[in-house]
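Quick look at what TrEMBL annotates:
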TRANSMEM  B:6-24  transmembrane segment
TRANSMEM  B:65-84  transmembrane segment
TRANSMEM  B:136-155  transmembrane segment
TRANSMEM  B:175-198  transmembrane segment
TRANSMEM  B:249-270  transmembrane segment
TRANSMEM  B:282-301  transmembrane segment
TRANSMEM  B:367-395  transmembrane segment
TRANSMEM  B:416-437  transmembrane segment
TRANSMEM  B:483-504  transmembrane segment
TRANSMEM  B:525-544  transmembrane segment
Amino acid sequence: MQALLASIRIAAATMLICVAGYATAVWAVAQAVAPDGANGSLITRADGTIIGSRQVAQAFTQPGYFWPRPSAVDYNATAAGGSNKSPTSTDLTDRGQELVERYGAAPQNPLPADLAAASGAGLDPHISEAGALYQAARVAEARGLDLARVEGLIRNAAVSPGGFLTGDRIVNVLELNLALDEMSRAQVG
Amino acid sequence: MLIQSILFVVLVVGGTALISWPLGRYMKWAMDPGDPSSGPAGWKDRAFRAVGGPLTAQDQTWKRYMVAMLAFNVVMFVVVYGFLALQQYLPLNPDGKEGLEASLIFNTAASFTTNTNLQHYSGEVSLSYLSQLGGLMWLQFVSAATGIAALAALARGLAGRPLGNFFLDVQRASFLVLLPLAFVVAILLVVGGVPMTFDGAAVATTLEGVQQTIARGPVAAFVAIKQLGTNGGGFFGPNSTHPLENPGFWTNILEMVAIIIIPMACVWMFGRIIGRMRHAGVIFAVMLAFLLVKTTGAVWFEAAPTQAFANLPIEQTVGNLEGKELRFGPTGGPLWSVLTSSTSNGSVGAMHDSLNPMTGLMPMIGMWLNATFGGVGVGMVNMFLYIVVGVFIAGMMIGRTPEYLGWRVEAREVKFALFALLAHGLFILGGTALFSATPWGAETLNNVGPHGFSEILYEFTSASANNGSGFEGLGDNTGPWNLATGIVMLLARFIPIILPLAIVGSLSAKRRSAESSGTLSVEGGVFATMLAATIVVVGALTFFPAATLGPIAEHVIYMN
């Protein structure tokens with residue numbers, strides 16, 4: 001009985017310090033030091049409406065935009081998840097087949113693997129640089145833009161996430177599409 | 001690509017091993033400030049005594065230490081059960097989360113009390129911010145502290161001293177070890193882009209004009225202790241594959257370091273308390289060797305492309321990308337899967353269900369052994385069980401009375417150790433057999449054939465190892481799964497803490513003899529080999545038949 005009492009006292013103390021105190025302190029520092037990331041890295045328009053989060057993939061289906069990796073949860077950012085299919089599963093073959101048809105891939109022009117494989121949370125904001133270049137012709141044609149300029153945009157946006165520790169460069173799809181809209185506007189204007 | 005993978009592994013594992021040395025020294029200072037009779041208690045101990053009350057005044061026997069630990073864990077379980085059951089009436093619920101079903105509450109409370117963090121719910125779908133922070137994050141601190149306390153008591157007993165006082169130890173571990181580390185990691189995560197807000201989900205209108213609701217919350221504080229305390233329960237359902245839980249390459253490295261840093265430092269703390277650093281070095285080396293073998297296996301097997309795309313016009317040059325994030329690079333996923341299962345962490349940086357079959361075997365091996373670093377505190381406690389069995393077998397082979405650190409190891413201690421080790425096998429294999437043969441398991445699978453069997457095997461392995469990762473395709477939020485894994489987690493948590501304490505209680509009732517040249521040295525290569533052999537024979541071979549039915553069969557049948 002005494003042991004329970006001591007436990008309750010320690011429970012209260014740890015709750016107060018390790019939960020209330022700790023969470024409040026981290027929150028206060030976060031909001032002061034990195035308010036953008038602390039609130040979800042949101043991108044807003046001039047009128048304050050939110051376009052999305054820089055870190056979270058959103059669906060793109062129009063030919064004039066770059067498309068993200070497939071998502072097992074259809075880019076639902078309130079219930080994220082992966083396919084959880086074994087890489088030997090025929091369900092993945094079926095999905096791969098669909099994507100091959102959607103992108104018009106052929107043996108002499110194979111689809112980059114990241115465009116066929118869903119990420120762990122279904123919200124991966126990136127595609128590989130190769131995956132973006134693969135889509136450049138479609139995007140340029142749909143927008144009436146010069147292909148070389150679109151490719152330049154991709155090369156400009158591509159980064160190597162871990163510097164010398166990672167080889168393949170990746171591109172943030174939402175930021176790339178925003179830059180693309182900007183380029184189209186400039187061309188019209 | 002190969003060079004980069006090796007560099008990456010060396011940087012993460014080697015770098016963490018280096019930092020674990022000073023951390024082990026700090027943990028010794030924090031957890032074992034010395035014999036209180038030799039001088040006045042420091043201000044910290046005075047504060048901890050004031051909080052804990054009269055029971056903190058003196059050292060406890062192993063039985064009283066155990067009772068104190070169990071009492072504290074009962075309070076943990078009950079409080080969090082209450083939080084989860086009543087969350088719809090409690091504050092900090094901006095997105096209006098509803099109450100949970102009873103068997104899910106039982107499973108979740110058991111899961112976080114036992115440092116497992118098996119999650120049959122999805123955080124951003126089901127839980128309020130109060131349930132996440134006040135309930136689960138609190139348990140992530142105090143369940144980890146329970147493990148560190150148990151190791152400190154065990155080490156003191158082996159050093160021939162009183163075990164100490166649980167109510168002091170659990171506060172030392174919470175306030176002096178976990179809290180400062182978690183704060184540092186949380187701030188670094190925030191700088192790396194992890195959200196920390198009490199606002200509800202953000203509603204966006206995408207560039208194509210569709211509405212997208214983006215769940216967020218006080219993520220950074222939660223993730224820091226989730227990684228450090230070998231807890232592993234993610235703020236979001238898909239854990240550290242979620243871009244808001246792990247936004248980039250460098251946060252990924254930080255989170256991986258946080259997985260193994262305390263389990264590594266626990267070995268050094270153990271060595272310092274028993275006063276045998278060379279012995280600790282040998283244990284560390286054995287653990288590290290197992291870790292590196294598993295890492296090599298995982299990175300190697302994961303370099304094979306997604307087999308399902310073999311006959312499609314899809315690039316086959318990069319490895320298997322299903323369930324993986326591009327920002328972590330190709331080695332991030334498989335390395336994480338080994339680290340998280342070698343320790344009892346259970347967070348994921350890639351979806352384990354979608355790993356190549358033989359890659360998926362590596363985390364299972366990690367959890368079957370559960371001592372090649374293992375959970376905070378309890379990993380070293382598990383290793384102690386292997387040591388007891390190992391020195392006993394070695395003693396029999398050389399025809400001497402088996403001894404460990406001068407304590408005579410006899411039938412009683414070996415029985416306790418073997419019972420604790422074999423219970424692990426019984427829970428895993430018994431549970432898997434039952435659920436494979438009945439609709440309880442068979443109707444909840446997400447994959448067919450051997451991979452479906454692997455899903456069941458993995459779930460019981462994860463529950464019994466107090467790990468918490470999963471082959472998440474499994475539809476595990478059912479009454480039978482919630483109850484069965486809940487019970488397994490509780491038994492598999494407390495049996496391997498209580499029996500080692502009982503062994504120490506039994507050893508310290510004997511007279512300690514000086515180690516002589518006739519005793520097997522615990523500081524050399526012979527001991528390391530003996531220990532590794534014991535781990536392979538007792539830990540791994542028990543599970544080999546099950547492995548052949550699951551991952552190995554899948555590999556042989558499907559992979560070219």
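Each residue, glycine too, has its Cβ placed from N, Cα and C.
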Mind checking which residues of the chain, 6+ beyond the ends of the transmembrane segment (B:249-270), have their Cβ under 8 Å from one of its Cβ atoms?
-> 11-13, 15-17, 19-21, 23-28, 31-32, 144, 148, 151-152, 154-155, 177, 181, 185, 188-189, 192-194, 223-224, 227-230, 240, 277, 280, 283-284, 287, 327-329, 332, 335-336, 339-340, 342-343, 345, 347, 349, 373-377, 379-380
Which listed stretch (B:6-24, B:175-198, B:367-395, B:416-437, B:483-504) has the most C-beta pairs under 8 A with the transmembrane segment (B:136-155)?
-> B:367-395
Compare B:6-24, B:65-84, B:282-301, B:367-395, B:525-544 by their Cβ pairs under 8 Å to the transmembrane segment (B:483-504) and return the stretch that comes out on top.
-> B:367-395
Feature contact check the transmembrane segment (B:175-198) with the transmembrane segment (B:367-395), CB under 8 Å, 3 or more pairs = no
Among B:6-24, B:65-84, B:175-198, B:416-437, B:525-544, point out the range having the most Cβ pairs under 8 angstroms from the transmembrane segment (B:282-301).
-> B:525-544
With the cut-off at Cβ under 8 Å and a gap of six or more residues from its ends, the chain residues touching the transmembrane segment (B:175-198) are 26-27, 30-31, 44, 48, 92, 94, 129, 141, 144-145, 148, 216-221, 223-225, 227-229, 244-248, 250-251, 254-255, 258, 261-262
